[in-house]
Amino acid sequence: MQEHYEPDALERQAQTWWDEHQTFRAREDAPGEPFYCLSMFPYPSGRLHMGHVRNYTIGDVISRYQRMQGRNVLQPMGWDAFGLPAENAAIKHLVPPAKWTYENIAYMRGQLQRLGFGYDWDRELATCRPEYYRWEQWLFTRLVKKGLAYKKTAMVNWDPVDQTVLANEQVIDGKGWRSGAPVERREIPQWFLRITDYAEELLKGLDGLEGWPEQVRTMQRNWIGRSEGVELEFEVPGEAPLTVYTTRPDTLMGVSYVGVAPEHPLAARAAEGDGKLAAFIEACRHTKVSEADMATLEKKGMDTGLKAVHPVTGEPVPVWVANFVLMEYGTGAVMAVPAHDQRDWEFARQYGLPVRQVILPAEEGVAVDLDQAAFTDKGVLIESAQFNGLSSAQAFDAIADFLEKQHKGRRRVNYRLRDWGVSRQRYWGCPIPIINCPDCGPVPVPEEQLPVVLPEDVAFDGVGSPIKRMPEFIDTTCPECGGKAERETDTFDTFFESSWYYARYTCKDADGAMLDERARHWLPVDQYIGGIEHAVLHLLYARFFHKLMRDEGLVDGDEPFTRLLTQGMVLKDGAKMSKSKGNTVDPEALIERYGADTVRLFMMFAAPPELSLEWSDSGVEGAYRFLKRLWKQVHDHVQGGAAPALDKAALNADQQALRRKLHQTLAKVSDDIGRRTTFNTAIAACMELMNELGRFEDKSGQGRAVMQEALETTVLMLSPIVPHIAHALWSELGREGAAVDQPWPVVDESALESDTVELVVQVNGKLRAQIQVPAAAARAAIEEAALADENVQRHIEGKTVVKMVVVPGRLVNVVVK
């Protein structure tokens with residue numbers, strides 16, 4: 001065995017061995033219970049970053065550990081390959097997005113392989129390949145036929161220079177991020193999926209996801225946002241009635257105005273003869289509006305001059321256009337109660353609108369100062385005619401009953417969740433499989449004509465989508481009437497691809513169907529790993545898609561992922577690593593210098609997986625030193641020749657103590673990796689054990705036998721984390737087969753039993769010594785041993801022992817004065 005640890009050569013040898021033996025190829029007929037471990041696949045940006053390395057190391061450690069537990073493990077990898085960055089790179093580097101993407105995939109695949117991740121590369125998929133996206137096109141055509149996909153006009157951010165729709169995050173200070181042109185709010189036709197049809201099931205399903213972090217479940221519950229309230233109508237003379245939804249019907253008698261969105265049809269009609277109102281509405285169209293912006297947006301509005309009729313009192317209520325009312329949320333109209341809603345209060349103060357208190361605090365003596373803020377708690381009704389004196393809860397029912405009897409309202413369960421707009425006016429995405437016919441309307445592309453292939457060899461300049469200028473792509477015939485028609489040139493939101501990729505890995509080569517029987521064999525995913533930033537959109541859409549595929553008879557079960565681990569970010573100097581901050585660390589340079597195992601070890605040791613990890617050069621050095629020490633420990637042991645067989649009955653006290661430490665460590669590491677997924681504490685326990693091994697100098701036959709067992713077990717415990725060095729050391733220790741194929745070592749319960757116990761000795765509650773006593777020692781013997789300790793004697797000298805407290809198996813406290 002060579003004396004020094006040389007990671008580069010031994011890592012390549014281990015990887016070659018795994019490749020030649022197809023170690024990580026998953027087979028449905030292999031022995032063992034299936035275990036599907038999946039890390040969220042990367043966008044092929046060109047280079048792996050440390051966040052990737054952390055995510056994928058966690059997944060690999062879990063996969064390798066489960067393999068050693070006898071499970072039949074599937075761990076695949078692929079590429080979330082469509083999306084905006086490829087278009088930006090195409091503009092910058094003058095290459096087609098496809099070419100840039102495929103080159104990046106090739107490079108990043110090599111980087112992943114160099115890190116030694118145990119992926120089944122036969123299952124690799126890229127979402128930009130037609131053989132992948134043809135099946136989401138097929139599913140979409142099924143959803144259209146079922147009425148679960150539909151087209152309607154929706155407000156978007158439109159860049160008039162780049163001729164494209166911008167996502168909210170691409171609008172910076174009201175201007176397009178690339179062109180700098182003022183962004184317009186436009187209504188354009190878009191495709192939607194009826195995720196709201198599944199809102200209640202998506203919400204209730206969260207209760208069963210006990211293997212998910214509570215934080216993620218809470219975020220999804222809030223995003224779905226179920227509320228119970230009342231939908232009611234305010235008549236507007238000469239116009240259609242205004243429908244509003246409220247969760248606080250108890251405040252109905254305090255309404256002092258109704259707010260409508262700038263895009264509301266009523267606002268448009270009111271502006272027809274009012275130039276100032278028209279100008280205000282136009283200004284609102286240039287304001288970026290998302291829910292997040294609403295909290296900080298300056299509240300602005302204008303009176304339309306129209307009056308709505310209060311559904312209970314019949315009083316006229318002014319109708320205002322307000323920039324904080326969103327057309328895409330609810331009905332685009334709200335009833336405003338300034339006394340009991342802070343946003344309504346701020347608006348009313350700004351424009352001098354009445355503030356009518358109709359709720360008193362339930363507790364007497366609580367002061368309400370409506371000059372300072374709205375009173376938003378529930379309480380008891382006042383100034384509310386026949387509803388006076390009712391509690392807010394009683395008034396909810398009484399007012400709902402009244403409105404229902406008068407046919408002016410109805411109880412309703414509402415969701416904050418909106419249908420998912422899946423159209424993107426971009427090029428680099430999956431074409432939406434629709435043919436637009438002037439006579440038949442939108443018609444799904446027939447199954448036999450799928451996939452609709454995205455042309456990849458295009459000149460891309462960033463102005464509009466190149467396929468909009470390609471008659472050979474657009475011009476076609478209608479499948480229903482045979483007349484001239486045009487293909488849809490919009491593409492799917494890229495969340496579409498990532499919503500079902502986990503299922504396609506199970507049967508990547510299925511040619512005749514989206515999924516086959518193999519999906520039932522592997523699904524659901526046993527362990528999913530990814531960033532908390534995907535808590536809502538990706539994870540919610542994947543849950544939605546699983547239900548869509550279930551309802552197509554493609555999968556069993558209701559949920560895609562049994563357990564979820566959300567790893568923390570990798571920070572440097574307290575900030576997330578990013579190119580813009582100039583604080584990135586290149587994984588490749590580290591691997592070249594220290595080897596993949598050192599990088600993997602540092603990533604797992606520096607922090608628990610759920611917490612952020614602070615980058616530390618000295619921490620990487622420390623991980624490297626530990627592996628060198630492990631190598632030297634095995635080298636020095638092997639130099640002594642083969643160790644004899646272990647004879648447990650022949651061990652002396654020191655040998656027994658080392659075995660006890662070994663099996664205590666094994667029990668802890670098994671729990672830390674297998675149940676708690678706290679890899680950092682597992683590694684710390686192995687390091688502590690290595691320190692004990694370093695101090696163990698017994699070169700007798702049984703001393704070497706215990707050392708052999710300890711080194712073999714340590715190598716196997718560390719093998720999921722540092723698999724390359726484990727591969728080399730396992731054979732150097734003279735063992736048959738490969739470390740990767742070994743079962744996880746088993747704790748010897750008999751080794752954990754001890755004839756002695758260690759007790760803490762305190763003097764007046766302060767730790768002064770630790771003593772070893774026989775496990776069956778009588779109280780008198782324990783007290784005698786405690787008082788005989790040198791350090792204890794120093795601290796009681798010249799004092800009187802008042803009493804001694806003995807807690808069996810734990811401590812002795814000597815009370816003196």
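The backbone N, Cα and C atoms fix where each Cβ goes, and this holds for glycine too.
Checked against Swiss-Prot, the range among 66-70, 296-300, 576-580 recorded as motif ''KMSKS' region' is 576-580.
Record note: among 42-52, 174-184, 438-448, 669-679, 42-52 is the stretch given as motif ''HIGH' region' by Swiss-Prot.
Within the same chain, residues 79-81, 83, 85, 101, 104-105, 107-108, 111-112, 126, 531, 569-570, 577, 584-588, 603, 615 sit at least 6 positions outside the motif ''HIGH' region' (42-52) and bring their C-beta atoms closer than 8 Å to a C-beta of that stretch. Around LYS579 (ATP binding site), taking its Cβ as the centre, 9 other Cβ atoms fall within 10 Å, counting all chains. Taken residue by residue with DSSP, LYS579 (ATP binding site) is part of neither helix nor strand, so it is coil.
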